Amino acid sequence: MKYFTQFESRELGQELIDLALLYKNQPRLDQAKGQGKRVGCIFLNPSLRTRVSTQIAAQNLGMEAIVLNMDKEGWALEMKEGAIMNKGTVEHIKDAAGVLGSYFDILAIRAFPSLSNREEDINDFVFGQFVKYSGIPVVSLESAIRHPLQSLADQITIQEFSKGKKKPKVVLTWAPHIKAIPHAVANSFAEWTLGMGHDLTITHPEGYELDERFTAGASIEYNQEKALKDADFVYVKNWSAFNDYGKILSTDSSWMLTEKHLKSSPEAKVMHCLPVRRNLELSDEMLDGNRSLVQKQAENRIYAAQAVLSKILG
Amino acid sequence: MKYFTQFESRELGQELIDLALLYKNQPRLDQAKGQGKRVGCIFLNPSLRTRVSTQIAAQNLGMEAIVLNMDKEGWALEMKEGAIMNKGTVEHIKDAAGVLGSYFDILAIRAFPSLSNREEDINDFVFGQFVKYSGIPVVSLESAIRHPLQSLADQITIQEFSKGKKKPKVVLTWAPHIKAIPHAVANSFAEWTLGMGHDLTITHPEGYELDERFTAGASIEYNQEKALKDADFVYVKNWSAFNDYGKILSTDSSWMLTEKHLKSSPEAKVMHCLPVRRNLELSDEMLDGNRSLVQKQAENRIYAAQAVLSKILG
Amino acid sequence: MKYFTQFESRELGQELIDLALLYKNQPRLDQAKGQGKRVGCIFLNPSLRTRVSTQIAAQNLGMEAIVLNMDKEGWALEMKEGAIMNKGTVEHIKDAAGVLGSYFDILAIRAFPSLSNREEDINDFVFGQFVKYSGIPVVSLESAIRHPLQSLADQITIQEFSKGKKKPKVVLTWAPHIKAIPHAVANSFAEWTLGMGHDLTITHPEGYELDERFTAGASIEYNQEKALKDADFVYVKNWSAFNDYGKILSTDSSWMLTEKHLKSSPEAKVMHCLPVRRNLELSDEMLDGNRSLVQKQAENRIYAAQAVLSKILG
């Protein structure tokens, strides 16, 4: 495995889940594997879980992790091919990525979308430039359109709480928010949930349809109450409109998940990738109650990253 | 020991001082003790000594330290219980602290006061939220009302320079400043100096009385000249008013300590926690002269932190 | 060796180049040498290559590297002797440097010039204050007037690509830029290239003469075409005026190096320290073509830093 940027196959997905759960029991099992290897963690955007869990995963494997907050510590990056750099950008992505490729064994990169340039975002342009020019294995720490380490952690969590159910009913429900939020988590969650063979229903107000590249195979249901019925797992997430790109079409607070919404799904566990805006996306009673798996998901971020780094080390 | 947030007892204080002095002689003595353990150093405010000394202390014990400048690298934190998060804050302290608690063995946290919300500050609200929700041992790297690692380092330094005197005369003197400064260092210094059984006099202009929770047992003397007479140690520090909360009541430069102020205290050593505003709080002649212990105090920050981390590791 | 701040002698230069090339082949050869030693990497300005390559160099030697972005994470520093600190600065360089000197075995420091105070810059005032007050070995990560680790990496690269030529023709050519850029890279490159016994021609528009302390012994040629003839290495770099200090006197785009400029120098390799503004300083065709050594130079930064740290460790 050279790149970890998206869902590849159910077999590989299951292998990574199993390896992650092994590491969860024995974090230092492969302490010797990464000796003398280095991962560069490059952030173009803020991070808490992703940064720390990746550093810990690397340390658990005996690797050295170096974090670079490129947005704050480094130079403003130019992304366009052929640009005449006589404005604000100081270094071209080609040059920076090439150098980083010569410094590290693996690069892990976070590059959010602009939400203003649809074409660039849906082609995952910025992240792709790093992949293209670094010449070494690359792990996505969330790109414009995917957040695969989050989704792997989510699938680990689903497996842990499925009580042996082979095909749990999973519902991805849109939640209100005050800001225009990227699609990466929702896209990847759909991609992985479908890829792992689960039953996925996506519910959201009309107009919030996600990119079909990620959702083909899921049931789309505009009626949230119907969608939630008999759910085993409810994944709560806001995203901005995809068709009317980056727009906020609704802030309807009735979509915020509360206990009342789950009266027809007594077994439902509630998931969110964090950070979560309490009492806007999800109520306190949900997050602090027994249904919540959000802290479990966050903890599994370590072992998801560890499994991926381990697999790339080979 | 699970928390290191305040003075506990003279016995524990002495044990930590002795352990710190042992590590000062043999920094890597307990290199094996922290193997495989991780401390997360969370900063909501700037730092130099505290950050670096804690990282070094952890490394000396074989621990891995991960620094997170939450104010710059992470997400804006919501502190209020039950908040409807539809404004600027992105993540609730409960969720962040819970996640960090699952990532680390020990958390070390810096959270300055607002100086605008007295009630919140005196209850050490922000720091307390981390303690409450992380579920793991927590070390204060300076909270709204205390800076116990600084105070431990100060007590180590006092012991080193007491020449066998059992009950040295210690004077805490207010100094002028142009900004409203927190009470944490002054509070903790009083708490530890009294707790360790020393003779403490506090001197400041009227109106600058500190919170009696920390100063009960000290002599309060408004006449600086009287207070300084025959002092063994003079601790110089500015703080804003406590009663008229967060206000600057005086910038009287005659309170700035100079050699002239110490003509009746020939043996006095001069202390300050740093950073110090030269020629505002303390004159160059003081800081650069033989009386100054400020560099010794700063160096002892490493061993104070190392003793505390070691004691928590058990 | 206690300080690495400038070119010292051809013998030491060659020794460092040879050691760097040894480490390039066997990065972990001296893994035991730095055990228990610490280097503090202090940045007053942004960095990518310098920061990461120094961290990696330290790790290769078994050292612990701690990075402190003083401009962002620490306290605003006062530089002036005797300053009355009643304005924006929070800590005096003397106090900060003294503390850092007690925390680390080696300090590595980046301190760019202001380009507004010529006197201070040419005396390398800020960097000099760190050297003066830290009391421990100091490595320059670029000061107001020199960037010796870059120059060592450049000399390593020149040796690698000289094909046995004893005295290659090296040309340092000024390039256009839209910002006022420091002289450090150009100064150091001249100092090292001359010091290592190469044939150096410097070409730039009139008015861009560099400080003669660094260029004495080089040919100065205002006609770029003449200067470039039969060059073996062409080092491209912008700098602001030195005599009319910090000014931009020309943005003449004909000075931007392209393939056309090298028609009389078929063997010429092209160098730049990065970050480079593409199609302003250097054309895409140059940077992406076979002549370019820029990625090699960047990679050699690791081994330059490793040789220097190793030599200081002794």
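Cβ atoms here come from the backbone N, Cα and C positions, even for glycine.
Taken from TrEMBL, the feature carbamoyl phosphate binding site covers C:SER47, C:LEU48, C:ARG49, C:THR50, C:TRP75, C:ARG110, C:HIS147, C:PRO148, C:LEU149, C:GLN150, C:CYS273, C:LEU274, C:ARG301. The Cβ of C:ARG49 (carbamoyl phosphate binding site) has 28 other Cβ atoms within 10 Å, all protein chains considered.
For C:GLU142, C:HIS177, C:LYS237, C:ARG277, the entry in TrEMBL reads N(2)-succinyl-L-ornithine binding site. Packing around C:ARG277 (N(2)-succinyl-L-ornithine binding site) is summarised by its Cβ count: 26 other Cβ atoms lie within 10 angstroms of its Cβ, all protein chains included. According to DSSP, C:ARG277 (N(2)-succinyl-L-ornithine binding site) sits in a coil region rather than a helix or strand.
Residues belonging to the domain 'Aspartate/ornithine carbamoyltransferase carbamoyl-P binding' (C:11-160) score a mean pLDDT of 95 in the model. Under the heading domain 'Aspartate/ornithine carbamoyltransferase carbamoyl-P binding', TrEMBL lists C:11-160.
Note on the domain 'Aspartate/ornithine carbamoyltransferase Asp/Orn-binding' (C:185-310): DSSP counts are 49 helix, 20 strand, 57 coil. Residues or ranges marked as domain 'Aspartate/ornithine carbamoyltransferase Asp/Orn-binding' by TrEMBL: C:185-310.
When the domain 'Aspartate/ornithine carbamoyltransferase carbamoyl-P binding' (C:11-160) is classified with DSSP, helix, strand and coil residues number 66 helix, 24 strand, 60 coil. Applying an under-8 Å Cβ distance to chain B, the binding-site residues C:TRP75, C:LYS237, C:ARG301 reduce to C:TRP75.
Between the farthest pair of Cα atoms in the carbamoyl phosphate binding residues (C:SER47, C:LEU48, C:ARG49, C:THR50, C:TRP75, C:ARG110, C:HIS147, C:PRO148, C:LEU149, C:GLN150, C:CYS273, C:LEU274, C:ARG301), the distance is 30 Å. Those binding-site residues from C:ARG49, C:GLU142, C:HIS147, C:LYS237 lying by chain A, with Cβ under 8 Å from one of its Cβ atoms, are C:ARG49.
Note on proximity: of the binding-site residues C:GLU142, C:HIS177, C:LYS237, C:ARG277, the one nearest C:LEU149 (carbamoyl phosphate binding site) is C:GLU142, by Cα distance. Here C:ARG301 (carbamoyl phosphate binding site) is compared against the binding-site residues C:HIS177, C:LYS237, C:ARG277, and the shortest C-alpha distance is to C:LYS237.
Using a 10 Å Cα-Cα cut-off around C:CYS273 (carbamoyl phosphate binding site), the binding-site residues C:GLU142, C:HIS177, C:LYS237 reduce to C:LYS237. A simple way to gauge crowding: the CB of C:LEU149 (carbamoyl phosphate binding site) has 26 other CB atoms within 10 angstroms, across all the protein chains here. Most other Cβ atoms within 10 A: among the binding-site residues C:HIS147, C:HIS177, that distinction falls to C:HIS147.
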